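Features reported for this protein in Swiss-Prot:
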type     : residues                                : note
SIGNAL   : 1-26                                    : signal peptide
BINDING  : G93, W94, T95, G96, T97, G98, K99, S100 : ATP binding site
CARBOHYD : N149                                    : N-linked glycosylation site
Amino acid sequence: MAAATRSCRPWGSLLGLIWLVSAAAASWDLSSLRCNFGSFCECDFQPDFQGLECDLAQHLAGQHLARSLVVKALKAFLQDPAPTKPLVLSLHGWTGTGKSYVSSLLAHYLFRDGLRSPHVHHFSPVIHFPHPSHLERYKKDLKSWVQGNLTVCSRSLFLFDEMDKLAPGLIEVLRPFLGSSWVVYGTNYRKAIFIFIRWLLALGHHGRASPGRSGALPATPAAPRAALCAQRAGPSGPGAQG
């Protein structure tokens, strides 16, 4: 499969700390990136690492380490044709540090339709789980939604915004999907990607806070951008047409 190519443009610097859990890498094979779970899978999963690296080089000014971690984790995960667990990314930092920007970029360069893809699922506690008294219903609905969409397409992305506002019981529903196992609730979930966004504090594995992991990444010299962007032209970014 030939990866789709998009152009990039500078959007400014961003991001606090990135915590990553990924599967080990195997031999690089673009054909393995296609969604192949079930005979009726219609995933629009079309990773464009050149575009992602180009945009991250523009966006993460002074955050070379963060950029490298994101790309390294994604490549390692996607190179493995049979990962033992999903990829879990936790983005956290102060308001305005660009956590949502990074998640939008990932969706944009992994799926043909970006955040509009039917296989990218964006949850906000304020919008989707506003009433604490409805927790049990939310737990049932969330489990059913994740399970059902992974059955349709194992290459799905689940984005959870404002994790600091999410009821703890909902995290418990997600916990079985985040670990190492072959099947959960009869569903193959090991090729999924989960992104958790939290204000300031780090989100530990399975929703537990990780002490001593807050604060901005140390600034490092920005890598030359010309090499990444030399072959690219025109507007791009999440929401761009193309």
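Every residue gets a Cβ built from N, Cα and C, even glycine.
Distance noted between the C-alpha atoms of the residue listed as 'N-linked glycosylation site' and S100 (ATP binding site) is 22 Å.
Look at K99 (ATP binding site): DSSP puts it in a helix. Cβ environment of S100 (ATP binding site): D161, I197 lie under 8 Å away, each six or more residues apart in the same chain. In this structure, of the recorded positions K99, N149, the smallest number of CB atoms within 10 A of the CB marks N149.
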